[in-house]
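Here is what Swiss-Prot records for this protein:
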{"type": "DOMAIN", "residues": "9-235", "note": "domain 'ATP-grasp'"}
{"type": "BINDING", "residues": "Lys44, Gly51, Arg52, Gly53, Ala93, Glu98", "note": "ATP binding site"}
{"type": "BINDING", "residues": "Asn190, Asp204", "note": "Mg(2+) binding site"}
{"type": "BINDING", "residues": "Asn255, Gly317, Ile318, Thr319", "note": "substrate binding site"}
Amino acid sequence: MDLMEYQAKELFAKHDVPVTLGIVAHTPDEAQAAAEQLGVVVVKAQVKAGGRGKAGGVKLAKTPEEARTHAEAILGMEIKGLRVNRVLIAPAASIEEEYYFSFLLDRANRRYLCIASVEGGVEIEEVAKTNPDAVRQIPIDPGAGVDEAKAREIVADAKFPEALTEQAVQTVLALWKVFVEEDATLVEVNPLARLAGDKLEALDGKVSLDENAEFRHEEHASFVIREEEDPLESAAKDKGLNYVKLDGSVGIIGNGAGLVMSTLDVVAYAGEKHGGVKPANFLDIGGGANAQVMADGLHVILGDEQVKAVFVNVFGGITACDEVANGIVGALDILGEDATKPLVIRLDGNNADEGRRILTEAAHPLVTMVDTMDGAADKAAELANA
C-alpha cells in the first residue's frame, strides 16, 4: 500500500524522524485558513505519484490569498492519471542543501538496500545517470539490520557533511525504525534538507507498506482512502481476490501467482502480432475455484471497460479441473446477461479431460476452449483485437 506524503510524514513523526507535518486541506477555503496559521507555505498536491512539481502540483504561496489561488488550481487537476482531492499546506523552509535517502526491499538479492546521496531534491534516477558516484548503495543484512555502527557507516559512505553527522545518524536510525516496525517495503525521503542553523528535516516522504503484513497493523487501516482507490481493485479486495489492474485489454484469471505471471508474459508476447494487445490485469483465484469465486473474478474483470476478452488459465492440482469447469459454468449462470465478452479457457492437469467435457456439454456461446497455453493466449489476443 502506497501512502500519500502527509501519511508518510505521520509515520515519520511517530518514529522521531525530524519532520513538520503541515495541514491537509480539501478546499481552497481550508488552504487559505491553513496558510493564515502557518505563514509562507508550500501548497502540495497529495497523490500517490511522483513528478508532482513538474506537473504544477507544488507551489510556493507567500500570502493566504495566494495559497487559496494555488489550491484552486491544484485541486481537481490530474497527475499521472490521478485526481488531486487534497493538498498539504506545509510551512516553507529555508533550504541550504538537499540530500536523498531511502531504505527498500532488494528482492533480486534477498536483502535490504539503503540508497543515499548528497545530491537530492531531484529524481534520484537522473542523479544516477549524470553523477553515478554521488549515489551510494549500501546493502543491509536482514539479520543484523541497522544499528548505530551501521548508521555511521551509511552516513560516512554517503559523504554527509561532518557538521550533520550526529543528526544524520539519528535520522537514519529513525527511518530504519519506520521501515522495520511498520513493515514497509520502501521508505524514501527526497529531499532530506539541511536548513538554516544546520538542522536536518524530511521535507517530503514516500512510504510503501507491505499489505501481507496488514494483520500486524490494524492502525494502517486509517491510511486507506476508499474513494481514491481503483474501484475494481477495491471490489476485488472486498471479495478476497488478489487483483491488480493493468492497462491492457485481455482479462486474466489463473490459479496461482506463478501461473498468472506466466500468463501475463505469454499474452503480452502473443499480443505483439495482434495490434499490441496487452494483459488487462493480474487475478489469482488461488485454489478455491468454485462457482462463486469464478463469478466474483469474472464480475470484477468484466467491470473493466478496457477488457475485450478474458483468458482463464487453470492448472488443476489440489483443485481439479472438473471443479473449475463447473465453477465456470456456474459463474456464467450467476452472471447471466452481465457476461458479454468472449472467454478463452485452457485447462490442464488434474481431471482436465473431464473439465473440458463439462464445458463442451455446456456449449456456452461465449466460451472457446484451447488446449495449449500459447494457443489460448494467441486466441485471447486475437479476440481482444477483433
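For all residues, glycine too, the Cβ spot is worked out from N, Cα and C.
Model, not experiment: these values are computed from the prediction.
Structural mapping of features recorded in Swiss-Prot.
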residue: Lys44; record: ATP binding site; contacts (Cβ under 8 Å, 6+ apart): Glu5, Arg52, Gly57, Val58, Val87, Leu88, Ile89, Ala90
residue: Gly51; record: ATP binding site; contacts (Cβ under 8 Å, 6+ apart): Ile79, Lys80
residue: Gly53; record: ATP binding site; contacts (Cβ under 8 Å, 6+ apart): none
residue: Glu98; record: ATP binding site; contacts (Cβ under 8 Å, 6+ apart): Glu119, Gly120, Gly121, Asn190, Pro191, Leu192, Ala193, Arg194
residue: Asp204; record: Mg(2+) binding site; contacts (Cβ under 8 Å, 6+ apart): Glu5, Val189, Asn190, Pro191
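Asp204 (Mg(2+) binding site) falls within neither a helix nor a strand when secondary structure is assigned with DSSP, and so counts as coil. For the domain 'ATP-grasp' (9-235), the model gives a mean pLDDT of 93. Arg52 (ATP binding site) has a Cβ environment of 20 other Cβ atoms inside 10 Å. Separating the Cα atoms of Asn255 (substrate binding site) and Ala93 (ATP binding site) is a whole-number distance of 51 Å. Max Cα-Cα distance over the annotated ATP binders (Lys44, Gly51, Arg52, Gly53, Ala93, Glu98) is 20 Å. Ile318 (substrate binding site) falls outside any helix or strand according to DSSP and counts as coil. DSSP assigns Lys44 (ATP binding site) to a strand in the three-state reduction. For Gly317 (substrate binding site) paired with Ala93 (ATP binding site), the C-alpha to C-alpha distance reads 59 Å. Each of the binding-site residues Asn190, Ile318 was scored by the number of other CB atoms within 10 A of its CB, and the lowest score belongs to Ile318.
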